[in-house]
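Straight from Swiss-Prot, the features:
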BINDING   Cys11, Cys14, Cys17, Cys58  [4Fe-4S] cluster 1 binding site
BINDING   Cys21, Cys48, Cys51, Cys54  [4Fe-4S] cluster 2 binding site
DOMAIN    1-31  domain '4Fe-4S ferredoxin-type 1'
DOMAIN    39-68  domain '4Fe-4S ferredoxin-type 2'
Amino acid sequence: MSHKVKIYDTCIGCTQCVRACPLDVLEMVPWDGCKAAQIASSPRTEDCVGCKRCETACPTDFLSIRVYLGAETTRSMGLAY
């Protein structure tokens, strides 16, 4: 599937999204932009099934992680216009 996983710089490095992902799409990498000195990364987006558990787990008000579903998924779910 061709989903895109975008990590925003509002990430607080809490690891909740990494732990919520059932397919290990995400991992933490070093980053100086937050107190935790790490940020989520999505090196294996080809394994993403679009469950959005990472989005649900994110504790920030900004949804620091977003999954953008591929066209084939939105069509099959009846979400395409």
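Note: Cβ is positioned from N, Cα and C throughout, glycine not excepted.
Here the candidates are the binding-site residues Cys11, Cys14, Cys17, Cys58, and by Cα distance the one nearest Cys48 ([4Fe-4S] cluster 2 binding site) turns out to be Cys17. The secondary structure of Cys51 ([4Fe-4S] cluster 2 binding site), as reduced to three states from DSSP, is coil rather than helix or strand. Each of Ile12, Gly13, Thr15, Gln16, Val18, Ala40, Cys54, Ala57, Pro59, Thr60, Ser64, Ile65 belongs to the same chain as Cys11, Cys14, Cys17, Cys58, is absent from that list, and has a C-beta within 8 angstroms of the C-beta centroid marking the [4Fe-4S] cluster 1 site.
The average pLDDT the prediction assigns to the domain '4Fe-4S ferredoxin-type 1' (1-31) is 93.
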